[in-house]
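These notes are about the structure you will find just below.
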Amino acid sequence: MDKQAERGQSAGPVKTPQGTQPPAHNYTYHTNAAQRAVYDYLKNVKPIPELAEPKTYKTYEEASVEAVLYPIIEKHQVIMVAGAFFGDEGKGKTVNAVANHPGCTFIARVNSGENAGHTVYDDAGRKFVFNLAPSGLLSKGKRNYVGPECVMDPISFMENEVKQLIEANVPYKEQLFIGNVSIVTPYHKLLDLLASAPNSSTLKGMAPIHASKVTKRGIRLDHIFNDQSVLRSRLRKDIDTYFGFLKVKGLSDADVLRRCEKENGDGVVRVPPYVVEFVQAEDKVEYLVKLYMDRVRNNKNFPARCDVAHELRSALSRGEKVMLEGPQSYWLSNAREKFWESTTSADTTASGLLATAQYNFQLYSSVVINVHKAPGSSRVGVGANPSSFVAQDYFSATGVKTLRDLPENMCVDFDSIQKLFFTKAFHPETKEYNGIWEPLEFEDSTGKYNIGVAMAVASSRQHGECGAVTKKPRVCGFFDCVLQYEVNAVQGPYLSISALDRGDDYDKLGVTIAYVYYNGKNDEVLNINGREYKNGDIIKAGEAVPGEVALYYCHPIVKLINGWKQTPIAASKRKPGDPLPRGVCEFLSTVEYFTKAKIISIGNGPRGKDIIYIKQ
């Protein structure tokens, strides 16, 4: 085990800072000596008094959407629904609830691109997977817009999103309008594929297209609908980046084609056929011009175009309410320096939505509804994730692209795994309980597994935690109050927690209330924003969140909450109006205490109507 591999969290595979990762991570399924050594240090950390907080728990009661959500909407002209963690929080349900308010008539996506993925259901129970299309398309009488600061691959948009609407007979021609978006071309997606670490990107071309955008190269949608000579000229200028990359890397078209075939080799189409055709095309610019003429400009099914920012301002001036549907999340925003190396390429905070919506925020009142998910708070891709069951890049580093890459029967007994984890790995019965978990072993017919690995795999299986875009298993973990506190301080207080009915499956739940810093080296000190971080330092909710280079070495201090297995809250098992179980009230009280958020709703099932509004 090399020194790099000794830098790990107490129960999962080790964490290594981005940019300094060695070729071999030495991740294992079983508990290794390095993890035991980390635990031997962390188990002696002095307990923090906050583990005994809150002293009392609030009582929460169910109320109607009209009593809880609608008064918030009615006080404001612009309602933003924003992710509060690392994306995939289940925002669609809250988006639908806001969209269904009678006064909310204008619904828009105003930034980012098809790397966002959300699953929504219409009133008939039909499932739709949208990336750029606003969820309001499934609500009657709503106008839906994709704003000009979004980035769009129009071929993918038509094939994967508009096609769903056509097949379901959704009258999108009267409901969906597209602004002068920046165009994601096949070479942007190929640059993403060729330049990204394995399994670290959605392969949707986000970083390359935003690079084209900020350097004032590339094309926008209007270029496709106007003079073809201008379109050709701009494409020739922008594509130089792609050709230059191939030259520097010594790659031929044949090399790129083999890479595409390898990426699609497991049956999941990550590189679409038209991108492969682009690689094979002799004259790539002419291929693109013809592609866009045939499948965008001359396509009668392409949605109507308009000046979205002007339409939005006009709607506000008429007294209409506007909903901005946030992609990704606060901590995935490229405008947040704490995680900037491992984020998306747009500002996906609420302030980023406000800026790209292009309205006068001095004239119109706005409000943010943040959405988090628990249990099973998750992240995809690479980067730090202090509250995760395993290192954030565990699946990527071990070559797991989808759950099919794991042994079929590996860690399928979720109940036994969660029971071992929450009732044996923690030791709350001891006087010196400090919120650190012990790296126990779980064994099934396929082998022995570190309990963190077992929880990560079992959670992904049990909760269906795979990317809506990539199908990659998400890395799950505890609800993180340290990170949520900052989200609340910047764009709170309203918080909706989705998927809380998952708690029906747990004996206990964990909430991260602080971190302890430990890098495995006694004399190594990190200086982040003027503060020095050394082994044993505690970072509590409400304190400054350190940069990602320090967060790789942060380990969660976990407060345990009693579960509610005997009184499930899932919509299929609970009658509306039934009292909320004590465990649910303990969980909500703990989150509110440590984050200062105000919880307005919890999700309790897959359907849009499966949501419990909270009266306090």
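The backbone N, Cα and C atoms fix where each Cβ goes, glycine too.
Here is what Swiss-Prot says about this protein:
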ACT_SITE  D88  active site, proton acceptor
ACT_SITE  H118  active site, proton donor
BINDING   G87, D88, E89, G90, K91, G92, K93, G117, H118, T119, R474, G603, N604, G605  GTP binding site
BINDING   D88, G117  Mg(2+) binding site
BINDING   D88, E89, G90, K91, N115, A116, G117, H118, T202, K216, Q328, T343, K472  IMP binding site
BINDING   A468, V469, T470, K471, K472, P473, R474  substrate binding site
COMPBIAS  17-27  compositional bias 'Polar residues'
REGION    1-27  region 'Disordered'
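Positions of Swiss-Prot features highlighted on the structure.
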{"residue": "E89", "record": "GTP binding site", "Cβ contacts under 8 Å, 6 or more apart": "G83, S329, V371, H372, K373, S498"}
{"residue": "G90", "record": "IMP binding site", "Cβ contacts under 8 Å, 6 or more apart": "V371, K373, S498, A499, G603"}
{"residue": "K91", "record": "GTP binding site", "Cβ contacts under 8 Å, 6 or more apart": "V81, A82, G83, H118, E325, G326, V371, S498"}
{"residue": "K93", "record": "GTP binding site", "Cβ contacts under 8 Å, 6 or more apart": "S496, S498, G603, G608, D610, I611"}
{"residue": "P473", "record": "substrate binding site", "Cβ contacts under 8 Å, 6 or more apart": "F395, V400, T402, L403, A456, V457, S460, E465, C466"}
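Here is what falls inside 10 Å of the CA of G117 (Mg(2+) binding site) among the recorded positions G87, D88, Q328, K472, R474: G87, D88, Q328. Annotation for G87 (GTP binding site): same-chain Cβ neighbours under 8 Å, separated by at least 6 residues, are A116, P327, Q328, S329, L332, R379, V380. Among the residues G87, D88, E89, G90, K91, G92, K93, G117, H118, T119, R474, G603, N604, G605 said to bind GTP, no two Cα atoms are farther apart than 20 Å. In this structure, the C-alpha atom of the residue listed as 'active site, proton acceptor' lies 16 angstrom from that of N604 (GTP binding site).
Each of the binding-site residues T202, Q328, N604 was scored by the number of other CB atoms within 10 Å of its CB, and the largest score is that of Q328.
All protein chains shown were included, and the count of other CB atoms within 10 Å of the CB of N115 (IMP binding site) stands at 27. DSSP gives N115 (IMP binding site) a coil state; it is part of no helix or strand. With respect to their backbone Cα atoms, T202 (IMP binding site) and R474 (GTP binding site) stand 12 Å from each other.
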